[in-house]
């Protein structure tokens, strides 16, 4: 027998010069020729393909001489892992059949040219490697070329994520999911994934990466390119690099924010593409709109230059104002161009500073201002006397007063009172006073806090102006107890009612005790009474009957 023999196969017209293995034992019975491949390591493959190029002679070429002529051969495989004790690869019983190979494209005979057949088979693999075997049982075969390979989805960059070469799944229908890695200067916004099908093609990309701040995206090349000097990109995303806004610069590559020029600033909340700005200049045309004994009204116009911003606010500072002075608006900064200052002293000179500020004043470290000096008017010689509280409850206090007096203590009936101002403030917090203007000689403050001491002042405005505030009187609000509200007046009423109840209860107790002692006596008692004389009387007591002489 010849078994498998190595020969050369040439076809100069087609440029073929292959080494081949040939067997043709058609003249023998029980033919069983085996040919093994070297050990093929699996590597990263999940499924291995084998491509066979071969020729088979037609059995008609061997008339009468062929005892076992066949036109097929068997392809087998054996997975092997060197780390395990398994049968050696040369034992035929260890091999599994992949399939019987026939000449699908045709056999050749003397009347035709050589026909080269190509057959592709595949198997799933899990171990370190595999042996392939070809089994001949009486055919005339030439194995021209054998190629063992696996299919992969090629490396690719999609959505700024790089996906490496990925082998297909163990089965043709399996889909392998690959996870990408962001390209240089990009960061992940959602996990990039890509699906690899059994035919080696990618499909359905999800997630991806975005170029970092200071780098812009080149969608065609799937790269992130650094911003050039004079440009910036402030956040991760697909945006392009932008030129620096006014009053700023980017002197080098890769800037995420342009630097403000000297004397210009950018607030933390400002957009990065907003020009750098400056503090405003001082307010203009500061004037006194009104002044009396305790009140000054100031007004002004906005600064000539607001620094390139639209968030200018104002702040008022008074050099010698006491803690009782109030401002309207009562916030530290405001955007009105008018302020009312109350609680000032008569015939007193005050210096007021009005500052103009904006969103970057704190960064600049200074703010410009304009100032003015104002002297309050003399106090009108009239004051409120006999202020008294008429009702005190848990959250409200009522009070009343009499007409103002002149400085000589005489009723100022000749001065027409236009209105009264009543101030209310919590003790030790007179800076947050609230006021009520009324034409009546009484008023009520509501919405107060329970069990809190409040101070009250009253002043009158006559035809001559405002008078001085009365002496401060303090009063404490009541407290809600259960469903009842207990105040000072309520306390007095409660004490009176409680006293009456106690007296009535004691009286009833005495009556009950006397009655009990009375009814516990015998039904009939004889009392002999002796007077200073010798005359004696007998007095009988009968229950529920009149008294009679015995």
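For all residues, glycine too, the Cβ spot is worked out from N, Cα and C.
TrEMBL does not curate its annotations; it predicts them automatically.
Here's what TrEMBL has on this protein:
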type     : residues : note
DOMAIN   : 1-158    : domain 'Eph LBD'
DOMAIN   : 282-379  : domain 'Fibronectin type-III'
DOMAIN   : 380-480  : domain 'Fibronectin type-III'
TRANSMEM : 496-519  : transmembrane segment
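Predicted-model confidence for the domain 'Eph LBD' (1-158) is 85, expressed as mean pLDDT. With helix defined as DSSP H, G or I and strand as E or B, the domain 'Fibronectin type-III' (380-480) counts 3 helix, 53 strand, 45 coil. Note on the domain 'Fibronectin type-III' (282-379): DSSP counts are 4 helix, 46 strand, 48 coil.
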